[in-house]
Amino acid sequence: MSFDLIIKNGTVILENEARVVDIAVKDGKIAAIGQDLGDAKDVMDASGLVVSPGMVDAHTHISEPGRSHWEGYETGTRAAAKGGITTMIEMPLNQLPATVDRASIELKFDAAKGKLTIDAAQLGGLVSYNIDRLHELDEVGVVGFKCFVATCGDRGIDNDFRDVNDWQFFKGAQKLGELGQPVLVHCENALICDALGEEAKREGRVTAHDYVASRPVFTEVEAIRRVLYLAKVAGCRLHVCHVSSPEGVEEVTRARQEGQDVTCESCPHYFVLDTDQFEEIGTLAKCSPPIRDLENQKGMWEKLFNGEIDCLVSDHSPCPPEMKAGNIMKAWGGIAGLQSCMDVMFDEAVQKRGMSLPMFGKLMATNAADIFGLQQKGRIAPGKDADFVFIQPNSSYVLTNDDLEYRHKVSPYVGRTIGARITKTILRGDVIYDIEQGFPVAPKGQFILKHQQ
């Protein structure tokens, strides 16, 4: 049999092992894995490289339509491809209107036409004003629903995202349980965080350490504990977003051990940045939950290696530079990190701390694909989409602003020495990024809908 592509001699991350083996691709799918696979139109030599499943980033904000001056599909998905991401799951907020019904998600589809370098699945929003319309988004094909129990959204904009109170969360979770959809939650106690933040501003406490102190660990833990119980009573599967503390992870682990259907994610910035670095970097490193101290970071690494965190995500949430101006308490909270997930975590987790390659593959791709039902993604296995990223180990470079593909070329990772490089990203058998050629093909990304899986 003749194939379209054979990748030879790479160390391939399979589900339970990593070994030097060849991969054959036909019609955008993985056709065979082994040795001496035969002929192909194209042969790639991956000697000395790690061949990983393309990253499935389960937490991305693109902001188009309505706020494409923050980030757009063209720039955002190019950055993703350059960073080794082949599939993103897009959040329902930052864009205007927020993705809360059939009409708003159709605007997303229209805005993305001809611009997707990678594939994309969508999340719907669970907000205070759409509980009777959740079925519309389920029918369209979203793979989950995001909500905030922390304060969010611009109250001066009618169609912006909104947080939910406990009653709205419970009613929404009941409906989503009936639909068989997971609910994803940003967990911080809204009343306490808001009050602590206002108190700090009144008293002129506006440093990074002050910001972190205004969103203490207990506000995350309390919110996780609360939504765990409400989701359990409502009969809804729960996914806890961007957990920032080991104590927060422990709540998820405890519930899981008791039989609850719950998963959680975290982000590279909670593992490689700490509060002192946040103070030095400034507003570019502001996010919520916040980047905490070094002791907290050590605890997060322990939880990650223990297998208590299901997947790593970017939570890419950029904004125009002027929204990052001023003191930390006033600046927009969100990190531009889409392009730096795979290489930073390969360096920090695999090269510096000895994480196994199969575990790395699960955290970056496989588990997210499983959690959100992306059946063709996340694995290097026959029949799956031929989505790969080539990683060059022990190849250090310093990230510069010019390296970035974002709408705004800023990131808290600029200036960082990263000890591994993404050299090639392949989507359904086609090279979409190459370190020498750039982006050699026109955007070929597609939307992934739940009912098409």
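Placement of Cβ uses the backbone N, Cα and C atoms for every residue, glycine included.
Taken residue by residue with DSSP, LYS146 (Zn(2+) 1 binding site) is part of a strand. Residues or ranges marked as Zn(2+) 1 binding site in Swiss-Prot (evidence: sequence analysis): HIS59, HIS61, LYS146, ASP315.
According to Swiss-Prot, the N6-carboxylysine annotation covers LYS146, on the basis of sequence analysis. Around the Cβ of LYS146 (Zn(2+) 1 binding site), the same chain contributes MET91, PRO92, LEU93, LEU123, GLY124, GLY125, LEU126, VAL183, LEU184, VAL185, HIS186, CYS241, each under 8 angstroms and 6 or more positions distant in sequence.
Look at Swiss-Prot and you will find LYS146, HIS186, HIS242 tagged as Zn(2+) 2 binding site, backed by sequence analysis.
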Query raised in the report: Of HIS59, HIS61, ASP315, which binding-site residues are close to HIS242 (Zn(2+) 2 binding site), meaning a Cα within 10 Å of its Cα?
Result: HIS59, ASP315
Report summary line: Reading the DSSP string in three states, the entry for HIS61 (Zn(2+) 1 binding site) is coil
Query - Close in space, distant in sequence - HIS59 (Zn(2+) 1 binding site), Cβ under 8 Å, 6 or more apart - result: ILE89, MET91, CYS241, HIS242, GLU265, CYS267, VAL313, SER314, ASP315, HIS316
